[in-house]
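*Asks:* Pasting the relevant annotations from TrEMBL:
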REPEAT    91-124  repeat 'TPR'
REPEAT    133-166  repeat 'TPR'
REPEAT    175-208  repeat 'TPR'
REPEAT    217-250  repeat 'TPR'
REPEAT    259-292  repeat 'TPR'
REPEAT    301-334  repeat 'TPR'
C-alpha cells in the first residue's frame, strides 16, 4: 500500500537568514534629503529589523510559525520603507515571510512573495548567485506542495546547477537541492531517478554535518519514503526510526518535523497491517500538527486522512467517515475546490 498522496515527508527548505548581505546606505525618500538625525533613526530601525529577523529564524526553527509571521511582516515593512523595494535584504525578508506562509498552507499568499524575491535577487546579484538558487528552490517547493510538478522540476534543476557551480558538489546546499529533486521524482513514481539523488544527498550531509544533524534526518526520511513506496519495508523502517530519533533529540518531541516522522512511520506500519503500532503514532502526529500549525493546515488534513484510512482498514467506518470529511474540507479550502 502506497502512502497517502501528498504525505508531507519533509524535504528541507532553505530559510534565508543572511540579512546584511548588501546592506548599503538607507535610501532617501524620493524628493527628500535625509537629515543626519533621520539617518541615525533609520540605522537604528535597520538594527532592530536585524534583531527581529534573528527572532523570526529562531521561532521558525522551533516550528512556531504563528508567532513568527507578524514579526517577519514587521521586518519586511522596515526594510521596504528604508532600503527601497528592490534591495536584496527586502528579497530576503520576502523569502522568509513566504516560507512561513507556505508552512501554514497559505499558498496563494506565498507565491507572489517568492516570485518577487527571485526577481530582486536576479537583478541585484546575478542569475547565478546562490541566493537565486535559494529562491528557485523555495518556489519549486511551493509548486511541489500544490502538485504542480511540471513547474517545480525545472526550478529545482536550475537551483541544483547553480549550487553545484557556485558552492561545489559536496556542499550541504547541494544536498538540499538533490533531496528536493529526489522528493519530486519520488512523488511522481520516478523511483529509479530519485534513489541515487537521495543517497548522494545523505552522503553529503553525513560527511559535512555529522550523522546526527537534522538535515541528515531529512535525507533519511525521504529515502525511507522511497523504499516504503516500493514495498521495501525492511529497508525503510530503520531509516524512519533513525530519522525520528534524530529529530526528537535535536528539535524536541513536539516539533512539526517529529510529526512528519511519526506520520511516515505509522504509514509504514499500516502498510504492513501493524495497525496497533500505527494508531498511536498517527494520533501523536495529528496532535503535534494541530497545535503547531492550526486545525486547518494541509498537513493536518493529511494526518486526518491517514488516520481515517487506518480505521477503514480495520472496518471502523463510523470513526473513519468524519475524519475523511474534515480532511476533504481542509484540502478544498487550501487548494480550491
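All residue numbers here begin at 1 and follow the chain in the order shown.
Glycine too: its Cβ is placed from the backbone N, Cα and C atoms.
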*Asks:* Mind checking how the repeat 'TPR' (259-292) divides into helix, strand and coil residues in DSSP?
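*Replies:* DSSP classes over the repeat 'TPR' (259-292) add up to 31 helix, 0 strand, 3 coil.
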*Asks:* Where DSSP helix means H, G or I and strand means E or B, what are the helix, strand and coil counts for the repeat 'TPR' (175-208)?
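*Replies:* Tallying H, G and I as helix, E and B as strand, the rest coil: 31 helix, 0 strand, 3 coil.
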*Asks:* Mind pulling out the one from 133-166, 175-208, 301-334 with the most Cβ pairs under 8 angstroms to the repeat 'TPR' (91-124)?
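*Replies:* Of the candidates 133-166, 175-208, 301-334, 133-166 scores highest.
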*Asks:* State the residues, same chain only, that lie 6 or more residues beyond the ends of the repeat 'TPR' (175-208) and have a CB under 8 A from a CB inside it; answer 'none' if no residue qualifies.
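*Replies:* Tertiary neighbours of the repeat 'TPR' (175-208) are 5-6, 9, 11-12, 14, 133, 137, 140-141, 144, 149, 152-153, 156-157, 159-160, 163, 215-216, 218-220, 222-223, 225-226, 229-230.
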*Asks:* So which residues does the repeat 'TPR' (133-166) touch in its own chain, when a touch means Cβ under 8 Å and the partner is 6 or more beyond its ends?
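*Replies:* Result: 6, 8, 11, 13-14, 16, 91, 95, 98-99, 102, 107, 110-111, 114-115, 117-118, 121, 173-174, 176-178, 180-181, 183-184, 187-188, 298, 335.
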*Asks:* Tally of helix, strand and coil residues over the repeat 'TPR' (133-166) according to DSSP?
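*Replies:* Final tally across the stretch: 31 helix, 0 strand, 3 coil.
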*Asks:* Using DSSP, how many residues of the repeat 'TPR' (217-250) fall into helix, strand and coil, respectively?
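*Replies:* The repeat 'TPR' (217-250) comes out at 31 helix, 0 strand, 3 coil.
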*Asks:* By DSSP assignment, list the helix, strand and coil residue numbers for the repeat 'TPR' (91-124), in that order.
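*Replies:* Output for the repeat 'TPR' (91-124) reads 31 helix, 0 strand, 3 coil.
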*Asks:* DSSP says what for the repeat 'TPR' (301-334): how many helix, strand, coil residues?
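*Replies:* Once the DSSP states are binned, the repeat 'TPR' (301-334) shows 31 helix, 0 strand, 3 coil.
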